[in-house]
């Protein structure tokens, strides 16, 4: 007896017995590629109207699993390149069980090499990367000395008006006091000061003296090693990551390595494409675009794909209303399996 | 009544074994019966004609049906297995192309999942055919040995 439950974007199908099997599908991770639908040996999975869902025309789950037809074999969980489906056998995920085949897909990041530039965080189409930086205080970077000769200073505040770093403040006098002076004091925030000497030049009474250690006019000191003070961490959420390769392509120091699940290419039939944009909207990798037409006479924009960023998941092909996209997979990077039925099912994912 | 039909099936099995050249003693030991009863059967003094008629119909059924009926008649599953073995000479086989190792057949002591394949321990299997009815992929079936 299998029980199916649907709650808040997840589907759970469970069966008790000698083995406890629980299949779960999460809408928020699922990109709608339909690999599970293609591989399912019992045809228990049906895809929603992906084109309309991708464009936001309708709000519906990307797929449905028939609880009566599903036999909880777990093939979809092993094939899902995005970990949106999982099967737990006696509370252990099928992906941790060595006897089951796995699609190999990985992303590794070398924290030692990473310079925390954060470009990967910006380009990641899934928002799976987070760069946290702990920078040393700015005063460690801008080195110098500033002093105001209080005997000379007339508290005019011209320096404060010129200061580009808002480092100089005039402190107003307490109006209730007996002293007639409106300004009590002048203070410099040395953490904010950039030692630019603007105040020194502006001061009508030569009351300010600034020494910049890095300025060619002042005495130099040796460049302190500041980079070692920069701490931080780049984290990748492997559940959300689709191994599209944006981060690997963009990383200026080659700190990220991505292993993709499939090899092959995406073929676009330009004549059939009516530029509806469903594929662009659904692509989890942002690999599809409509570049600006070079030829002004061209009426329908031409769809283009960056093969390096495509994971060949096929979500675009499934969402295309005119079947203008074909996914041609030539190789699946996966572990070996002896089970014939499984082997054959995975072979179906390859182009014939 | 079930006991009578089971006796009828035993009589048919005893006769079949005799035709295959088995001795009365061997047949009695195989079916765990009194030798005198085997002797009765072999000399034509078997249960009533109606019982024999029903027994013959059961024996002529395809194995997947016959085996289940014989199991439902017998309280001793090992005797039932022996009867099925002689009548149909069948065993349960897994079609590897179809089996997904979904685990629906588990629960029988003869069946286990090793790696990602379902294995049947033939010594423990009593040919009851229950796994066949549980398999959602029709990967299990009786085959002649």
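Glycine residues also receive a Cβ, built from the backbone N, Cα and C atoms like all the rest.
As written in TrEMBL, here are the features:
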DOMAIN    A:21-50  domain '4Fe-4S ferredoxin-type'
DOMAIN    A:61-90  domain '4Fe-4S ferredoxin-type'
DOMAIN    A:105-134  domain '4Fe-4S ferredoxin-type'
DOMAIN    A:144-173  domain '4Fe-4S ferredoxin-type'
DOMAIN    A:184-213  domain '4Fe-4S ferredoxin-type'
DOMAIN    A:232-261  domain '4Fe-4S ferredoxin-type'
DOMAIN    A:264-293  domain '4Fe-4S ferredoxin-type'
DOMAIN    A:301-330  domain '4Fe-4S ferredoxin-type'
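Here the domain '4Fe-4S ferredoxin-type' (A:105-134) does not touch the domain '4Fe-4S ferredoxin-type' (A:21-50). Their Cβ atoms form fewer than 3 pairs under 8 Å, with each pair 6 or more residues apart. Taken residue by residue, the domain '4Fe-4S ferredoxin-type' (A:301-330) breaks down under DSSP into 5 helix, 8 strand, 17 coil. Mean pLDDT of the predicted structure over the domain '4Fe-4S ferredoxin-type' (A:21-50): 92.
Each residue of the domain '4Fe-4S ferredoxin-type' (A:232-261) gets a DSSP state, and the totals for helix, strand and coil are 5 helix, 9 strand, 16 coil.
Taking H, G and I as helix, E and B as strand and the rest as coil, DSSP gives the domain '4Fe-4S ferredoxin-type' (A:184-213) the counts 5 helix, 10 strand, 15 coil.
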